[in-house]
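The block underneath contains the structure these notes are about, expressed in structure tokens.
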């Protein structure tokens, strides 16, 4: 080391230590190995895993009216549950005889911790259910992201025509085999027909043999009793003794003696039809095919088969790709052994494949972006410099993946997008340091080992400050609340970690590489000239000429020109900001993704039988067969289809009534179709809605949301104490929505008026005859709903096979048959129900909904059309209500207080958009303030940081027109790009200002210093800007993240051009006034 070298700071000292250190290549190799291992071991998923814990608390209250359930069960339960720390919302639905209370915890609370709090609260406050009230004990059903199946398999038989019952038994067998696949969590069958023994009795035959339903129940229970506790000792052996045998076959049940009549035994088959199988299904699954069905697979449009669907969820933290691959391998092993050749297994969901495809594409994009950046450096600086930058970026990316794994992130679309997004800012340190080392070596005769530390130190502090400013802009985004915060958290966290690691690699590895690759690279003038003493040596004559031409007219005694330029820049900024006001740029939470699935949710009128629901679904399926992008579809009637994340939040898993139906529509892969899934969904809405309207059904086309799901894109919560007032306002709002252009799928939680049968017992007469009301209720419950009185003991059944006593379907609909049932009085005589009860027609009261202790009615809608942002439809409705007399008072953010006369709270996508943009705006403000604090600390001035930060608003000049030019909405990801730009653009300003001050310290005149600073620093500034734009280009076509790419590409292009002009001129103006 030369003794006359000036002292260097920390960055130069680090470079000096590692530029010729034998540990440096070993550390680089270790980083590469760790990075490769991180890629291999990090679980791969399509979407980030978010802690969203909710639980349903179910309490049955047989016989209670809806209002009694509300007052005695739901309201007290809500009060108790709302006391739990970390609970965000408490919902309840009260129906006749049952209450469902849903507790939703705040996002981010660990599932285990949330459930411990919930169970403790429920079981330590059971006194809210008084003894002998008649209500059952609470049943708690926890729900979370890990309940969403990663794979669904639909079984059907196009050859031998296996029935639904046979497919169900086959599915149950597969459940056991697939549960043995490591990493699987819950494996269950949807749409299966339960295996049970049905005893359909004849009331007349029972009465003829002097028997009642209770006699059959008692006989079955008594005959199905056994004991193995007894033992005897014989021949010096202890021999177990089994007392009694169990019912093992249907024939055992048929030949069961249930009574005596005239001295002869009465067998069960004498008074009832006993059968196993052939049950009247209360749910149905069918599968059909579209024109895009995979060739070679059985099935074509027009063919529909009975089916069942197997759903497989995974354990937390497991790799979805490995699990779904192992499941397919297990199925291949079972083929022709346990799985008949004629039974087809249709993969109707495979998040492992989609995660693998997405990860493969994004990793390819990441590599391509890195190569493009390296080629850019190659063209601008040479192959040696490009090699240094390329190796530095590779090591940085791999180390960032190690950090991501250690932090607990999975390898998903967001974390990989974070790396692609970060390419431009991660490469910046390497470019700036390599370019400065290269420039110094070209213009110096000193030994390379003496030049490198000085060159690194010269730009070390500015690059550290620049990195800190970017981190200051990004880190606050990690604290965004709600679902959007953890969903997008890999971007600020991984990018910030990458910045730190990039700085370390630039100070450690880049000098080592430069020492070996650049040590013989001497400037041509170096052999003839004296040692360069100016920081501006090596400036490009072309750059100098350009900057003299651009900046020259504004220097000197021309303040009016500088003012005119300032006014022009301010005018452009204001014009860009006004674009959303005139709807030239549409504001939206997130754009629609291009998925390979969508869902059709159908709500038939209440009390519609399952068979009618299925018929309507099949008619819709016939239309789907004509849509060229449809591969296959499954209808689910009377049962919920396997949920996705959207269905989890919307509680679709509770859709199990006969009038509930939905269709799972699977599209051909996006590479094999021209239309986006959103366009296909839009084209399906009108024809499917028309089919539904013919049957009085409400039809909704539900797409997989691109981000955090909500109850519906547009939600109006109607609050009023009076139920009639709530219903009136809900109908008023729903009717108003039909008049708003673009609002579709309009629905309410109001239920259609309907009737019920009410069996009224004459208690006085029943008491005189020795019959209790409980006997009547028990007999009717068994006859109509069926009662599992015992179980068949079948060694080969996966699940217990219940023995159910029930009335035949035809007899259930006849009041006279119901009243012909008999119960036994205290003296043993039979008493027909007709003598002590009558059937009346009565009103059936619909459900009562609560949210956070207030009664509520929901009105929901979606937005379709040219402007498909729900915000615009909502605000059009707001304006419409403001013009109506008697309209409810409207709230937008907080829940209304004590709504006596009726109020409306807007929710849905508006709420999550408001919260996200509010938090991101706060994050943006905090980031800007932190940047200001850092700059004040560095430069010890209040004015100079304002000069450096002046280009931040200029990013809007590129961002907003860029969105308008490409016809894209300004979304949450656009906002992320805008926040990141604040740090990136300040980084460029720092380099300019520091260099201007450095030149002035070296004795250069102010006018010349601002020109030289731009001419010298334009190369690294342009390279880093173009690098970031290149990285953004690779996400420009992504449906969700293209907003981020547009912000970066257009924002960087405009703001970089303006920065190299505005910052030097602003510094020049203030320096002439002696303010800096």
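Glycine is no exception: its Cβ is also placed from the backbone N, Cα and C atoms.
Matching 564-586, 587-609, 610-632, 633-655 against TrEMBL, the residues noted as transmembrane segment span 564-586.
Of all ranges given (266-290, 291-315, 316-340, 491-515), TrEMBL attaches the label transmembrane segment to 491-515. Looking at 902-920, 921-939, the range annotated in TrEMBL as transmembrane segment turns out to be 921-939. In TrEMBL, the transmembrane segment annotation falls on 454-479 of the listed ranges 454-479, 532-557, 662-687, 688-713. Counting C-beta pairs under 8 angstroms (sequence separation of 6 or more), the transmembrane segment (1048-1070) fails to reach the transmembrane segment (23-41), with fewer than 3 such pairs. Highest Cβ contact count with the transmembrane segment (387-408) among the listed stretches 23-41, 414-433, 972-996 falls to 23-41 (criterion: pairs under 8 Å).
Away from its own ends, the transmembrane segment (23-41) comes close to residues 391, 394-395, 397-399, 401-402, 404-405, 411, 505, 508-509, 512 of its chain (Cβ-Cβ under 8 Å, at least six residues beyond either end). When Cβ-Cβ distances under 8 Å to the transmembrane segment (362-380) are tallied for each of 454-479, 564-586, 1016-1036, the top count falls to 1016-1036.
It is 454-479 that, among the stretches 414-433, 454-479, 491-515, 946-966, 1016-1036, forms the most Cβ pairs under 8 Å with the transmembrane segment (921-939). With Cβ pairs under 8 Å as the measure, the transmembrane segment (454-479) is packed most heavily against 491-515, out of 414-433, 491-515, 1016-1036.
Each of 414-433, 491-515, 972-996 was scored by its Cβ pairs under 8 Å to the transmembrane segment (1016-1036), and the highest score goes to 414-433. In this chain, the transmembrane segment (491-515) lies apart from the transmembrane segment (946-966): fewer than three C-beta pairs between them fall below 8 angstroms, excluding pairs fewer than 6 positions apart. Of the two recorded stretches, the transmembrane segment (946-966) does not lie close to the transmembrane segment (414-433), with fewer than three CB pairs under 8 Å once pairs fewer than 6 apart in sequence are set aside.
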